[in-house]
Amino acid sequence: MTAIRRRIMGLETEYGIANMQDSSRRLGPDEIARKLFAPVVEKHRSSNIYTENASRLYLDVGAHPEFATAECDSLHQLIAYDRSGDLMFHELADRAEQAVGGKVYLLKNNTDSLGNSYGCHENYLVSRDIPLKGLSKQLLPFLVTRQLICGAGKLAIPYPGAPNENFGPGYTMSQRADHVWEGVSSATTRSRPIINTRDEPHADSSKYRRLHVIVGDSNMSEVTTALKVGSTLLVLEMIEAGVALPDFEMANEIRSIREISRDFTGQVDIALRSGSTATPLEIQRAFYDAACAYLASREDPERGTPNAELTPVVDLWGRVLDCFDTGDFSPVSTEIDWVIKKSLLDRMAAARGLDPIDPRLAQIDLMYHDIHPTRGLFNVLARRGLARTLLAPETIEQAVRQAPPTTRAAVRGRFIAAVRANPELSYTVDWMRVKVNGEGGAEALLADPFANTSEDVDRIIESLESR
C-alpha cells in the first residue's frame with residue numbers, strides 16, 4: 001500500500017503534581033489537584049474540557065492533570081501543541097500557588113517516588129489495511145530500542161520488593177522501561193503494554209485505526225520529542241511502503257527493554273525469536289540506515305510533515321548512534337533528554353561527592369521536569385545554552401490561542417469560540433462531535449480528521465450569530 005505522508009497525530013501527557021507549603025507541610029495530590037482545576041471548574045463547570053485550541057485538558061485518574069493535543073498533521077505542529085499544554089498548566093499552577101500560599105510543582109515526567117508510573121501516549125493514524133499483528137511485529141523492536149535516542153533518563157532507586165529491585169540503584173535511559181509488562185495488549189494500567197490495541201480510531205473505522213504507543217517517555221526537550229516522533233513517523237511510512245526491514249522480533253521484549261535501559265554502550269545482547277542475538281545499537285542502526293535511504297527518495301507532501309522537518313531528525317538520529325559507538329555523548333549533550341540530565345547529575349555528584357542514592361540527586365532528577373519557565377531545571381539549562389530548543393516562544397504562544405488550522409481541530413476550535421461567546425448556551429464537544437444542547441439545538445459529526453472545514457458546523461455558527 002501507499003505510505004501515509006500526511007498523518008494525523010496526537011500526544012497525551014499526564015503530569016505529576018506536588019505541593020510544598022513550607023519545609024514540613026504539604027497538601028496531598030488530590031487536594032492540590034482540586035486547587036489546580038478550581039478555575040477550570042468555576043468557568044466551565046467541569047474538570048474535563050476542550051480548550052480554545054481544540055485540545056483536551058482534564059483531571060485523570062490518580063490526581064494526574066492530563067493534556068491531549070488536538071489533531072496535528074505535521075511534526076513541528078505537534079510539538080507546538082504539546083508545548084502549549086505546558087503553558088496552560090503552568091498558568092493554572094501559578095494561580096493555584098497564589099490560592100494556597102505555597103509552591104505547586106507540575107512535573108512532566110513518568111514516575112513518582114512510590115514507584116507509580118504515568119504516561120506520555122503517542123497516537124498515530126494508520127491504515128486498517130495493515131494487519132495489526134504484522135505492524136506490531138515490525139514496530140516493537142524499534143520501540144523497545146528507541147530509548148537509546150529519546151529516553152528522558154531517570155535516577156532509578158528501586159523500593160524493596162519492586163520488580164526491578166534486582167537491578168539495584170543507578171541511572172536509566174528510560175523512565176517507562178520498568179513499567180511496561182506486555183508487548184501488545186488492550187490494557188493501559190493493570191498490565192501496561194508497549195502498544196495498546198484498544199480500537200478507538202476517532203475516524204472512519206473501516207479505513208483507519210489509531211496506533212496507540214504508550215511506552216514512550218515524556219520529554220522536556222523539544223528536540224528529543226522531534227526525534228521520538230519523527231523517527232517513528234519514518235518507520236511507520238517504511239512499513240506501509242513495504243520497505244524490507246530486518247527481522248528483529250525479540251524473544252522477550254519486556255526483559256530486553258529493562259536491560260537496554262541500563263546499558264549505556266548499546267551493546268547488550270538481546271535474544272531474538274529466531275535463536276540469534278542482536279544489540280540495541282545494531283537494531284537502531286538498521287532502522288536508521290533504512291530511514292536514510294527512504295528519506296532520500298521520499299516525495300515531499302503538499303500537506304503533512306515536510307522533508308525539511310525530517311532531515312534534521314535523521315541527522316540527529318545518526319549522531320546519537322555514533323555517540324554510542326565512541327562512548328562520548330558530548331556531541332548531543334544539549335539535544336537528548338537522558339544525556340542532558342545525566343550530565344547535570346554527574347556534575348553535581350562529582351562536585352559534592354554524592355552517592356547515586358543521595359536524595360539531593362533524586363531532587364535534581366525531579367526538578368529537571370518542573371514545567372515552571374524560570375524554576376524548572378531544564379528551562380534553566382535552556383536559558384544558559386546548555387539545552388537546545390526547537391520552536392520560537394511566539395509559535396508556542398500562538399498554539400495556546402489557536403487550534404491547528406489544517407485538521408478537524410480547526411472546526412472544533414471555531415465551534416468552541418462561537419458557543420463560548422454565548423455564555424448561556426449548553427453545549428457538548430468531543431473528538432468527533434459538537435452539539436448545541438437544548439431546544440433549537442443542533443449537532444454535527446466530524447468524522448474526517450483531515451477535514452478542516454464543515455458546512456454543518458458553519459450553519460450552527462451562523463445560527464448562533466443570528467440570535
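Start at 1 and count along the chain as shown; that gives each residue its number.
Placement of Cβ uses the backbone N, Cα and C atoms for every residue, glycine included.
So that you can see what the record holds, here are the features copied from Swiss-Prot:
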ACT_SITE  Asp60  active site, proton acceptor
BINDING   Glu12, Tyr58, Glu66  Mg(2+) binding site
BINDING   Arg56, Thr69, Trp431  ATP binding site
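Feature annotations (Swiss-Prot) mapped to structure.
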residue: Glu12; record: Mg(2+) binding site; contacts (Cβ under 8 Å, 6+ apart): Glu66, Phe67, Ala68, Thr69, Gly119, Cys120, His121, Asn123
residue: Arg56; record: ATP binding site; contacts (Cβ under 8 Å, 6+ apart): Asn48, Ile49, Tyr50, Glu66, Phe67, Ala68, Trp431
residue: Tyr58; record: Mg(2+) binding site; contacts (Cβ under 8 Å, 6+ apart): Ser47, Asn48, Ile49, Pro65, Glu66, Ala68
residue: Asp60; record: active site, proton acceptor; contacts (Cβ under 8 Å, 6+ apart): Glu14, Glu66, Tyr118
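Cβ-based neighbour count (10 Å, all protein chains) for Trp431 (ATP binding site) stands at 19. In the three-state DSSP scheme, Thr69 (ATP binding site) is classed as coil. Burial estimate for the binding-site residues (Glu66, Thr69): highest at Thr69, by number of other CB atoms within 10 Å. Secondary structure at Trp431 (ATP binding site), as computed by DSSP, is coil.
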